[in-house]
Each structure stands twice: as structure tokens, then as C-alpha cells.
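Student: Below are the C-alpha cells for one structure; questions will follow.
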Amino acid sequence: MSDDTTQIEPAMAQETSPRANTRKVFVKTYGCQMNVYDSQRMADSLAAEGYVATDTPDDADLVLLNTCHIREKASEKLYSALGRLRKMRDARAADGKELTIGVAGCVAQAEGQEILRRAPNVDLVIGPQTYHRLPNALARVRGGEKVVETDYAIEDKFEHLPAPRREETRKRGVSAFLTVQEGCDKFCTFCVVPYTRGSEVSRSVKQIVAEAERLADSGVRELTLLGQNVNAWHGEGEDGREWGLGELLFRLARIPGIARLRYTTSHPRDMDDSLIAAHRDLRQLMPYLHLPVQSGSDRILKAMNRRHKADEYLRLIERIRNVRPDMALSGDFIVGFPGETDQDFEDTMQLVRDVNYAQAYSFKYSPRPGTPGADLDDHVEEAVKDERLQRLQALLSAQQYAFQDSMIGRKMDVLLEKPGREAGQMVGRSPWLLPVIIDDNKDRVGDIIHVKIVSTGTNSLIAQKLA
């Protein structure tokens, strides 16, 4: 799951006729797709309390920062934002107005009370497993408390979250995220997820199907199933048997209106036979797979506690491509992990050449407090990390552009997602996740049209509609 992008995600769709004194909320989302989903669900719970969204903090009564803790500077980003909000809050106070400030997400979970110590202007700190308690926490804030809600909940948060209103969901678009699994039990030595998101938990089939049906009823055509380790999902199926992610995908594909399915992020250890069979047999499952490996060196993979070897990963890729020859792969890589030698890095470069990725994310290793990796010796010099990252990214970029160029002349179905920048343009999504720009005046958002790719743009494809 990509995790280094800061974005502002509107918390919810604006009600058509908000009440004059309705409270407004602004949510800023940092990081991964699951944080985007969490922001939307927090907004759904606030909508039930009478909040409406605003796309700027300037007129918000409540500002929530939904944070990511994967990368080294996550906390610094948070405190910089809180400093700006403190000035805004002081200006409001001078005019006799109030501003409530909340911190949510994985930095909230990791730092808890420390956030209140460093930023006394914060009113609320709430973790990713407790945001279903947000309305109650805000009521306590209005009563004068400083609230920290980061204890892992005994109750199932998804049972306590209100269903999103149909019109709000419709305004979010024809593609939607749906969290089916949270947490991770793998304990990779570089990763904070087990400490901020907790142990692996799978939502029930009943919950997932009900939410997917609501999304489809609101016009969603494409679902992306989310989880920190999404292919570890398991649960009792409607037939009484234990299901894995493959069986769940087959069930969701039966929902009327759902034309496309994706999932992210996966661990190589949990790619089982039923999931590979789904890639072979399920036409709604798109031929794009994000399957992080992190390194091509067995020695470094062992130090990372990845629980697989490089050749096992390559054999898995071969199995997947044998059943789905048009499968495009993306991945994650860390360079400069403690003890990484020149040969270890060259092993990574060779694995990248062997796989030939359509896209990949790559980062320099940065020690995360509280992880085993932070206690390792033999750290790689920053200059060496920089040089290795530059070389790796050059190779990955060349592969990405080659993949895009390979699309020229191909015919494919494209899901139209939004109007383009130019009059008459539409922007859609290819099966391989690339944006596709089409000059089209007749079709609507949500339609799936057949096109031919005629050229490429920067990280996009240019297409002509076929009759």
C-alpha cells in the first residue's frame, strides 16, 4: 500500500440544504488508501451528528488530521500542521469563535498523550481502532475534557459506525474503497503497522457484503478491498465453510452493478491457491497486483523478517502470470536496510529486472522507533542510500514508461470516472490502474467503454473510443 503521499480528502459530500447553524468539519488525510477510507467513515459518523464537510479549514468548526506513521518525518509533518492550526485557533479566539482540533490515525495511536504534551492546542487524539467513538469523544471535548482514545476497542468498530448516506456515497464517485481487514501479524522488523493498527482482524462476510451492496446501490462500479495484509482475510462464508480472500472476491462479484474488483496490499506469504484461481477465473478481478517484496536479497529479507526468499517470490509471480498472462505487478522496495551490502543491493536490482514491474514505490530505510530494525547496528551511510535509491528508481521508472508504451495500440475497456480538464474530455481507469484520457461527449461517469490507446501522457494513456 503506498504510504508517502499527503493529500486532502473531503470528509463527506456536502448536504444539499445544510441547516444555518450546522457545524462544519475539515479532514486532512495523510498516507495510504485505508486512511482515505477511515476519513470517510469518520465523516459518516459525524454526518449523523449534524456535521457537514468543508474543503478548507478556514470555516471549519472541527479540524481532524488523519495521520500516517510509516515514514520517518510523519510526526514532524503533524506538528508543523498543528503549529499552523494553533495560529488559526488564536485568531478565532480573538474574534470570540472556537476551533476544535483533533488528531486521528497512526501517529495518534503511536504517540497518544505525547501529542497533547507537545501541542496543548489539540483537543482530541483518537486511534484507528477507536474512531467509531468519535461522536462521544467530541461530546466530552465540548464538556471541557482533553480526550485521548487509543486503547484497542473490545467492540467491533464497524458494528458501531453508521452506514453512509446514499447521496454522500454517490458524490464520492464510481470507484470506492472497502476495508475488509486490518492489522498485521507479520512483524517485519522495519514496520510500525503491528504497533499502530494491531493484530490481524477480518471483518465478517455479512458486514462486507452489506457495505458493498450499499456502495453498488449508490452507483459504485469498482471496489478496491483494503487491508494492511488484505490477503490474510478469512472468515466464515455464507455456506458455512472457512473462506479466504479468493472466495470473498467471487461473492462480491455477484453483486449487481459491481463491474470491477481490486485489492491491496498483499503479502507474498498469503497468496493462496484460491486467490490465484480468482485471478484466473474471475473476469471482474482486474489484472493488476500490488505485491511488495522490499528486497531481492535473501539475507536482507531474513533480517527484515519477511518469511520468504527471493526465489519463492519469483516463483509466485510466475504462477500468477501463468494463470493471468496480462497481469501487471507493482511493489515496494526499501534500500539501505541495516547491513545491506553492495551485493545485497545488486540482488534487488536483479529481482526488479526479473519481475519487470509496471509500477513500484521505493524508499530509503529510516528507523522507526519501537521496531526491531531501530535497534540494529551496521547502518548504511546516507550517501550510499541516496546513490542506491537513485539507481533503483531509474530502473523502476524505465520499466514503468516501457509498460505505458506497451499499451499503445491495445484495445481495452475503460471505466469513466470524471470529466477531464478540457471541454468534452473524460478521464477513465484502465484495467491496469492507469488513468485514460478520452475525448468523449456522449458517455457518462460510470459507463464502461471500449477504447484504443493511441499515445501516452505523463503517467496516463490517451485513447480513442471505438464503436
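Glycine too: its Cβ is placed from the backbone N, Cα and C atoms.
Owing to the predicted nature of the structure, the values given are computational and were not obtained by experimental measurement.
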Student: Looking at the candidate ranges 1-20, 361-380, report the one that Swiss-Prot labels region 'Disordered'.
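Tutor: Within the set 1-20, 361-380, Swiss-Prot attaches region 'Disordered' to 1-20.
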Student: I'd like to know which of the binding-site residues CYS106, CYS184 has the most other Cβ atoms within 10 Å of its Cβ.
Tutor: CYS106
Student: Does anything in the same chain, at least 6 positions from CYS188 ([4Fe-4S] cluster 2 binding site), have a Cβ under 8 Å from its Cβ, and if so what?
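Tutor: Same-chain residues close to CYS188 ([4Fe-4S] cluster 2 binding site) (Cβ under 8 Å, separated by 6 or more) are GLN294, MET304, ASN305, ARG306.
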Student: If I take the alpha carbons of CYS32 ([4Fe-4S] cluster 1 binding site) and CYS191 ([4Fe-4S] cluster 2 binding site), what is the distance between them in whole Å?
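Tutor: That comes out at 14 Å between the alpha carbons.
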Student: Including all protein chains displayed, how many Cβ atoms other than that of CYS68 ([4Fe-4S] cluster 1 binding site) lie within 10 Å of its Cβ?
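Tutor: Counting Cβ neighbours of CYS68 ([4Fe-4S] cluster 1 binding site) within 10 Å gives 23.
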